[in-house]
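Chemist: Starting off with a structure, shown below.
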Amino acid sequence: MKVPAEIFVNNDLQTLLVQELHDTCCGSREEADSAFIPALRQAANVAALPGIVKASLAMPDVHSGYGFCIGNVAAFDMDDPQAVISPGGVGFDINCGVRLIRTNLTEKDVEGSVREELAEALFRNIPVGVGVSGGIPCSIDDLDQLLRNGVDWAIEKGYAWEEDKDHCEENGCMETADPNCVSKRAKKRGLKQLGTLGAGNHYTEIQVVDEVYNTEAAKIMGIGTVGQVCIMIHTGSRGLGHQVATDALQVMEEAMCRDAIDLNDRQLSCARISSKEGREYLAAMSAAANFAWVNRSCITYLARKAFSEVFQRESDDMDMHLVYDVCHNIAKVEQHIVDGEQKTLLVHRKGSTRAYPPCHPDIPKDYQTIGQPVLIGGTMGTCSYVLVGTDKGMAETFGSTCHGAGRALSRNQSRIKLDHNQVLNKLKEDGIAIRVASPKLVTEEAPESYKNVCDVIETCQVAGISEKVVKLRPIAVIKG
């Protein structure tokens, strides 16, 4: 290890991590999980990568993943010729992320049959599920433009409001993007999937403000009223991003041999940042990130359309403004202080969220006094949170915090232990309208499959790396 591995956990979350390590050593984990080594070992392996600075960090929702554990944050010195970029440090769903849209509606406005009607309208308008085709027409020329320009393309085409990009991380566009570095196969997959939600843990939820912790910050975000209706969208770059990652991993195998990069886990395949392979992956990954922002923008367009259909009102009359949009899987060039010296770093965040503090130049003007909004999606049927970044987080975690609850059971374990009918019935009993393309897959996303999101949030709060603003409760869930 070149640097320490630091894990942010409380006692209960630590027990889960240690149990995972114990089970693996004893050979008792299910065959479905055998491709991934325990998260604790993964965090330690990342700490041995060339060019890493300060520490390999793991957020409270950490669990095992491909190469990097999910919840891992790692930064690499751009001025170090040995420093690397790793697709495993970003993930296959590049710029999987979350956005929150507020409204001026209240829970009373969406009671009873209206709630079901809204859920049905969202399900009808937003394509969901594995391999589903897009609801937004897209030519190859359109695709190249949006891969380069991000949300600006959606604004030009009428799928986003001009103001939306101001409330997106990076203003909804990575300037390091180059569509020419995205393979034909990746583009082919992306052409049919613009404006689609996908499956797995992706969702569109109607939520209501359940609790306000920071009145000032909530008011500035426009979500300060208990019972206020919001919409949360969670999805990413779909098949295009997956193909970009797959392509890069194949290329980097050869680059590692050429440059004599020695790894303790093959899933950490990487390339020197300054190498041709490293530069081209960064450019392709950035383009895939732009696709994800446009995808969430298009789904926002479809969600606004669905609400207008049900309430027979224009979406701006319902104050359907974007609160913020954050990435959960990304690598970005950022400025940070390390050992008292400002450095240009390539920060990998995999299953973690940027959380910049007040007065940071890269967050919107209207949030300068409170810090960057941080959107934390819960599990299906459980609460979500809005946080803000802190100065302590900027100093200790490269301005990063958690991204969700984090899996406690593998997908295979969930399918074995849980019954999908019971999961669906429990949601209905809790007053949550549910529309799902593949009912049998809901067990994989049941609350029992995940850690307690409240424990995760509270751990971040106590550590001081982010602060709670609002808790949101779901009243309708749309899934693949």
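Note that Cβ sites are derived from N, Cα and C of the backbone, with glycine treated the same way.
In case it helps, Swiss-Prot gives these features for our protein:
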ACT_SITE  His403  active site, GMP-histidine intermediate
BINDING   Asp93, Cys96, His202  Mn(2+) 1 binding site
BINDING   Cys96, His234, His328  Mn(2+) 2 binding site
BINDING   201-205, 328-329, 377-380, Ser384, 403-406, Lys479  GMP binding site
Chemist: Just checking the binding-site residues Asp93, Asn201, His328, Thr379: which sit within 10 A of His403 (active site, GMP-histidine intermediate), CA to CA?
Modeler: His328
Chemist: Between Asp93 (Mn(2+) 1 binding site) and His234 (Mn(2+) 2 binding site), what is the CA-CA distance rounded to a whole number of Å?
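Modeler: Answer for this pair: 12 Å between alpha carbons.
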Chemist: Which of the binding-site residues listed here (His234, His328, Asn329, Gly406) have a Cα atom within 10 Å of the Cα of His202 (Mn(2+) 1 binding site)?
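Modeler: Among His234, His328, Asn329, Gly406, the ones whose Cα sits within 10 Å of that of His202 (Mn(2+) 1 binding site) are His234.
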Chemist: Given the binding-site residues Cys96, Asn201, Thr204, state which is nearest to His328 (Mn(2+) 2 binding site) when distance is taken between Cα atoms.
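Modeler: Among Cys96, Asn201, Thr204, Cys96.
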Chemist: Just going by other Cβ atoms within 10 Å, which of the binding-site residues Asn201, Thr204, Asn329 has the emptiest spot?
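Modeler: The binding-site residues Asn201, Thr204, Asn329 were compared, and Asn201 has the fewest Cβ atoms within 10 Å.
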Chemist: Take the mean position of the Cβ atoms of Asp93, Cys96, His202, the recorded Mn(2+) 1 site. Which other residues of that chain put their Cβ within 8 Å of it?
Modeler: Gly97, Gly198, Gly200, Asn201, His234, Thr235, Gly236, Ser237, Arg238, Ala292, His328, Asn329
Chemist: Near the Mn(2+) 2 site, what residues other than Cys96, His234, His328 in the same chain have a C-beta no further than 8 Å from the centroid of the listed C-beta atoms?
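Modeler: Result: Asp93, Asn95, Gly97, Val98, Asn201, His202, Thr235, Gly236, Cys327, Asn329, Gly377, His403, Gly404.
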Chemist: Out of the binding-site residues listed (Asn201, Asn329, Gly406), which are within 10 Å of His234 (Mn(2+) 2 binding site), Cα to Cα?
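Modeler: Passing the 10 Å Cα cut: Asn201.
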Chemist: Work through the binding-site residues one by one (His234, His328) and point out the residue whose CB has the fewest other CB atoms within 10 angstroms.
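Modeler: Among the binding-site residues His234, His328, the lowest count of other Cβ atoms within 10 Å belongs to His234.
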Chemist: Rank the recorded positions Asp93, Thr379, His403 by the number of other Cβ atoms within 10 Å of each Cβ and report the first-ranked residue.
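Modeler: Per the Cβ count, the most surrounded site is His403.
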Chemist: Name, in the order they occur in the sequence, the residues of the same chain whose CB lies under 8 A from the CB of Gly406 (GMP binding site) and which sit 6 or more residues away.
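Modeler: In sequence order, the residues whose Cβ lies under 8 Å from that of Gly406 (GMP binding site) (at least 6 apart) are Pro60, Asp61, Val62, His63, Ile70, Gly71, Gly351, Tyr450, Lys451, Val456.
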Chemist: How far is it from Asn329 (GMP binding site) to Cys96 (Mn(2+) 1 binding site), counting Cα to Cα, in Å?
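Modeler: A Cα-Cα distance of 6 Å.
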Chemist: Give the distance between the Cα atoms of Thr379 (GMP binding site) and Cys96 (Mn(2+) 1 binding site), rounded to the nearest whole Å.
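Modeler: So the Cα of Cys96 (Mn(2+) 1 binding site) lies 15 Å away from that of Thr379 (GMP binding site).
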Chemist: Minimum Cβ neighbour count within 10 Å among the binding-site residues Cys96, His202: which residue?
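Modeler: Checked Cys96, His202; of these binding-site residues, fewest Cβ neighbours within 10 Å: His202.
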Chemist: Round to the nearest Å and give the CA-to-CA distance linking Cys96 (Mn(2+) 1 binding site) with Asn201 (GMP binding site).
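Modeler: Roughly 10 Å, rounded to the nearest whole number.
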Chemist: Going by DSSP, give the three-state secondary structure for Asn329 (GMP binding site).
Modeler: strand
